[in-house]
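Student: Input: one structure, supplied below.
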């Protein structure tokens, strides 16, 4: 039975309704909550408990699921306007101090500093307090640091959990699990010749045109998800997993800026992107990006890491393919629990199984559970973010200076091998 209180800012928003409440329900069905554990849903709208629960049930159908009504009994609603100090005073009257108190910031980063300040002023930044922060955590290195500095006045690094749902995916979890539990693979790890990290989507920007046009594929996917996966592959495994984040920081700090943009970076935009709703008619935003990156470490010096992400592709793909010197390949499928090992002397790939046979929580549920347990392993440290932004900023500067042209590609018909030929030469 889990014992905690969670305050969810932005409880009436899209993410909360689509992912967060369902994930909390999933945790409840797996582990149970103590009777006095509470989920305090917070939003700007003035709603009664009954009105909010009606809205929640309309969006999620939780009331019709097994144990759904039991779970809903843990939820109450409180109107908290983030710019209203009196609302935080009301929150402080019902928030607990004798067990983990988790604040989930499912709100715009522009409200992070104000919200953190109000929590601190009302003595809600005690030793049991934890903050879960949603991306985007900055637009570049400068804004990333500014966000952290505005919060760190009131909360310590060990109280902050920066959520990246990719780190909760079973396929990503398998990377670390396989490395920890297979000594033979660790021998192979010294013989890696190339790594391909790929996330392709058939969908376009859909209803996110205005948001996406400001960030593009590089910021949306590479800066966080793909670089986090890279760090899990390239890090030296510590004796204590609590030191994993320190090792990942070391790896990300060794990312080398491109020496030849045109041979190391390809960017493109799908045809028709500029006709999407709320997208600028002369937009230079990339919907396809492929990077040939290098690390300056003894083990991986000269080993290319291909980071690839695109929208409106012919097929969906989320995978990590590791190539070894002896023509062997190891492939992780990030959206499913599947790992294949292809050996040069075997005609058919070997399907590897992971040791963890327990039913796996979905990404947001897995990460919420980790935060409740005060486990930071699957959350990025501030220094990880800063190291990744140092690398990404060099690419953004290159884009702004047109160091590599913005190509165009036909939706769902891109010939990947031909398009990426400069990277693999």
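Note that Cβ sites are derived from N, Cα and C of the backbone, with glycine treated the same way.
Pulled from Swiss-Prot, these are the listed features:
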ACT_SITE  225  active site, proton acceptor
BINDING   44, 135  NADP(+) binding site
BINDING   165, 169, 201, 220, 311  substrate binding site
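For the listed features, I'd like the structural context: burial, neighbours, distances.
Tutor: Sequence-distant neighbours of residue 225 (active site, proton acceptor) (same chain, 6+ apart, CB under 8 A from its CB) are 164, 166, 199.
Cβ neighbours within 10 Å of residue 135 (NADP(+) binding site), excluding its own Cβ and spanning all shown chains: 17. Following the DSSP three-state reduction, the secondary structure of residue 135 (NADP(+) binding site) is coil.
The local packing around residue 201 (substrate binding site), expressed as other Cβ atoms within 10 Å of its Cβ over all shown chains, amounts to 17.
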Student: Rounded to a whole number, what is the top Cα to Cα distance in Å among the residues the record ties to substrate, namely 165, 169, 201, 220, 311?
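Tutor: Answer in Å: the longest Cα-Cα distance is 20.
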Student: In DSSP terms, helix, strand or coil for residue 201 (substrate binding site)?
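Tutor: Residue 201 (substrate binding site) sits in coil per DSSP, no helix or strand.
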Student: Would you find the one among the binding-site residues 44, 165, 311 whose Cβ has the most company, meaning other Cβ atoms within 10 Å?
Tutor: 311
Student: Can you tell me the CA-to-CA distance separating residue 311 (substrate binding site) and residue 135 (NADP(+) binding site), as a whole number of Å?
Tutor: 20
Student: On the three-state reduction of DSSP, what should I expect for residue 311 (substrate binding site)?
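Tutor: Coil, per DSSP.
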Student: What's the CA to CA span in angstrom from residue 201 (substrate binding site) over to residue 44 (NADP(+) binding site)?
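Tutor: Here the two Cα atoms are 34 Å apart.
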